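Data block below; observations after.
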Amino acid sequence: MLGIADMQPRQLAAQVLNFALVLSTAFMMWKGLSAASDSPSPIVVVLSGSMEPAFQRGDLLFLWNRGADTQVGEIVVYNVKGKDIPIVHRVVRRYGGGKTPLRLLTKGDNNLADDTELYAAGQSFLNRQEDVIGSVVGFIPFVGYVTILLSEHPWLKQVMLGMMGVMVVLQRE
């Protein structure tokens with residue numbers, strides 16, 4: 001097996017371009033899903049046990065944000081102003097709608113209280129248009145656990161990226 005130093009410049013350039021193609025394809029697929037679902041994050045991972053038994057930690061959720069009307073009982077993913085981790089919880093109450101902005105109150109299935117303590121300071125409900133990323137339309141159990149492992153053990157990220165890079169560069173066509 002030849003190493004990187006033994007490769008011809010043209011062959012090395014082809015492998016680097018192949019690696020760039022893989023990365024750009026993944027990025028384009030993400031952006032395509034974002035546009036189709038009208039959500040900046042069309043796929044999210046459940047990070048806590050607050051939605052058990054409906055969703056477990058590590059479940060991969062698919063979001064859809066095309067419908068502006070959200071019903072009580074629907075599971076939504078929302079962002080809190082000033083925090084960058086999305087929260088997955090169920091709508092327990094809704095206010096307004098029609099000509100007035102739709103406001104939502106959410107709660108985790110495994111939590112005792114609603115989410116008013118989680119919302120931004122001075123906020124007692126979610127604005128459907130501004131805060132909600134999307135509604136959950138499907139999920140794959142435990143597939144997202146890799147994301148949790150990578151965030152809890154950052155060194156795994158470097159190992160994984162290094163292995164992927166070496167595999168692409170050493171791949172023969």
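Cβ atoms here come from the backbone N, Cα and C positions, even for glycine.
Within 10 Å of the C-beta of Ser50 (active site, charge relay system) we count 20 further C-beta atoms, all protein chains included. Residues or ranges marked as active site, charge relay system by Swiss-Prot: Ser50 (among others).
Packing around His89 (active site, charge relay system) is summarised by its Cβ count: 23 other Cβ atoms lie within 10 angstroms of its Cβ, all protein chains included. A strand conformation is recorded for His89 (active site, charge relay system) in the three-state DSSP classification. The active site, charge relay system annotation in Swiss-Prot covers His89 (among others).
Marked as active site, charge relay system by Swiss-Prot: Asp115 (among others). In the three-state DSSP reading, Asp115 (active site, charge relay system) counts as helix. Within 10 Å of the C-beta atom of Asp115 (active site, charge relay system) sit 22 other C-beta atoms, taking all shown protein chains into account.
Here Swiss-Prot flags 159-170 as region 'C-terminal short (CTS) helix'.
As annotated by Swiss-Prot, topological domain 'Cytoplasmic' applies to 1-15.
Positions annotated as topological domain 'Lumenal' by Swiss-Prot: 37-173. Mean model confidence of the topological domain 'Lumenal' (37-173) amounts to 92 (pLDDT, 0 to 100 scale).
Feature annotation from Swiss-Prot assigns transmembrane segment to 16-36. For the transmembrane segment (16-36), the residues of the chain that approach it from at least six positions outside its boundaries are 42-43, 165, 168-169, 171, judged by C-beta separation under 8 angstroms.
Ser50 (active site, charge relay system) and His89 (active site, charge relay system) are 8 Å apart (CA-CA, integer value). The DSSP breakdown of the region 'C-terminal short (CTS) helix' (159-170) into helical (H, G, I), extended (E, B) and coil residues amounts to 12 helix, 0 strand, 0 coil. Taking DSSP states H, G and I as helix and E and B as strand, the topological domain 'Lumenal' (37-173) has 33 helix, 42 strand, 62 coil.
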